[in-house]
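Participant: Before anything else, here's the structure in question.
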Amino acid sequence: MIAGKNCVEFREFLEKGVISPERMRAVDTNAQGLGVSAVQLMECAGKGLADYVRGMSPGHVVLLCGKGNNGGDGFVAARHLCRDCMVTVIVLSRDIRSGEALRNFHVLSHCGVDVIIAETPDAVCACRDRITSADVVIDAMLGTGIAGGLREPYATCARVVCESCVPVVAADVPTPGLPAAVVCSFHRAKEGEPVVIDIGIPDEAECFTGPGDLLLLRKKGKHSHKGVGGEVLVIGGGPYQGAPYLAGMAAIRAGADIVRVATPNLLPCPDLIVERTCGQVIGEDDVDRLAALAQRADVTVCGCGLGTESHGVISKIAGDMGRAVFDADALSLPLPVADNTIYTPHAGEFFRMTGCRLPEDPVGRGRMVRDHGPAGVTLAKGPVDVISDNARVRFNRAGTPHMTVGGTGDVLAGIVGALFCHLPAFEAAAVGAYVNGSAGESLQGLGDGLAATDLLKEIPMVLSGIHGGA
């Protein structure tokens, strides 16, 4: 928690309405990163589900449980319900994949619950009388993890329950083909207008970036070819030679397959394709060539070490950029605007862009970036980063005070550029801030001796989930 800040103050930034399965998985994982275990979350979900069904005063409840965490929620609910009514648990697979679910399944053997294993359509049909005799059926078969059509024995199970006309209460989301009288969604609605059950996920798991945000990233498949990781163009350098190198190498380390650096400087680096521009600074003679390079790139990262003399050139070619990350010297008025834009200012640059001074406190800073940031996505850098698309706000507190050293912003711009090849702008900025900060946390032992180049080797470790940071 941020010192002196009650989490209640951040609640205005919680997103409302339906949450996607992907975002829910991220929030779950972030909660676990904050110390709320998966077992705790399952216990709260199952107990909340049982409490709701108990209010229906059933004499007999049948629970249909799959092999994942949704089934685990059902096992917990069965344990709580068996003290008040007759409970039958129909388990549709012995291969329970989730450790937490398996643990709760084993507990049922000590609870006086009638457990039936039904792994085939015939076995499910043999349970027809049990299902028909129930007052309530709880659907805990698949949850949000389903992809494609129903397979057996789930399809037969859904059909048998539909034919029974027994009211169904769905755990989190209903199984396709099995309409629910009531849906009990955990934490937030997944669809429609369900009963929402609080399962104890801290607000911070949504408001702040965390390890769960890395779940948005896709891994390269075994049949991937060169270029599938994306192509990033870095435009910068002239007055400051190191900045475009840092941004380019950060993009490589964050997963981009091809990184071109358009710069007046010679960068002797075999990992980068250097596109030398004409003069000592990027100027009018470079416009056509830069525009062509921007058109072929998936993302353009612009401004690192650029200097103020080249701002007019960037404004001219911004329209040729599909996706762009504007940093440093590109953040002057008039602001360059691409088709899809991320701005990465520090407090001084935000003032230069908007005329608004960012407050010190994170809540006030979040409001300011949301309400006064330019159209697009803004990643306002600071002790606590603020990411906003003028509607949503997310905070990033990963990082250390040692990251005030020069060049870390260039590294951040490169990371965001690489992620922007595959993620939407808001998500790319949020995940990029977390990756950059976590890389710094991995190097806390360097203290004030931290250099921006030190971050580069840590980026892949963070993305792989094996870094040594907090």
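Heads up, the Cβ atoms here are built off N, Cα and C, so glycines get one too.
The domain 'YjeF N-terminal' annotation in TrEMBL covers 24-207. As annotated by TrEMBL, domain 'YjeF C-terminal' applies to 209-466. Residues annotated as (6S)-NADPHX binding site in TrEMBL: Ala243, Gly305, His346, Asp410. The AMP binding site feature in TrEMBL is assigned to Gly409.
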Participant: For Gly305 ((6S)-NADPHX binding site) and Gly409 (AMP binding site), what Cα-Cα distance in Å is obtained after rounding to a whole number?
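Facilitator: That comes out at 11 Å between the alpha carbons.
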Participant: Taking the Cβ of Asp410 ((6S)-NADPHX binding site) as the centre, count every other Cβ atom within 10 Å, in any protein chain shown.
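Facilitator: Other Cβ atoms within 10 Å of Asp410 ((6S)-NADPHX binding site): 30.
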Participant: Same chain, not part of Ala243, Gly305, His346, Asp410: whose C-beta falls within 8 angstroms of the C-beta centre of the (6S)-NADPHX site? Give them in sequence order.
Facilitator: Gly236, Tyr240, Leu246, Ala247, Gly303, Cys304, Asp327, Ala328, Gly406, Gly407, Gly409, Ala413
Participant: Using Cβ atoms only, which residues of the same chain lie under 8 Å from His346 ((6S)-NADPHX binding site) while being at least 6 residues apart in sequence?
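Facilitator: Result: Ala380, Lys381, Gly382, Gly409.
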Participant: Need one number: mean pLDDT over the domain 'YjeF C-terminal' (209-466).
Facilitator: 96
Participant: Could you tell me the maximum Cα-Cα distance in Å between the residues recorded as binding (6S)-NADPHX, namely Ala243, Gly305, His346, Asp410, rounded to a whole number?
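Facilitator: Output for (6S)-NADPHX binders Ala243, Gly305, His346, Asp410: max Cα distance 16 Å.
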Participant: How many neighbouring Cβ atoms, not counting its own, are there within 10 Å of the Cβ of Gly409 (AMP binding site)?
Facilitator: 23
Participant: Would you count the other CB atoms within 10 A of the CB of Ala243 ((6S)-NADPHX binding site), including those on all shown protein chains?
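Facilitator: Excluding its own Cβ, Ala243 ((6S)-NADPHX binding site) sees 30 Cβ atoms within 10 Å.
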Participant: Quick one: what's DSSP say for His346 ((6S)-NADPHX binding site), helix, strand or coil?
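Facilitator: Reduced to three states, the DSSP call for His346 ((6S)-NADPHX binding site) is coil.
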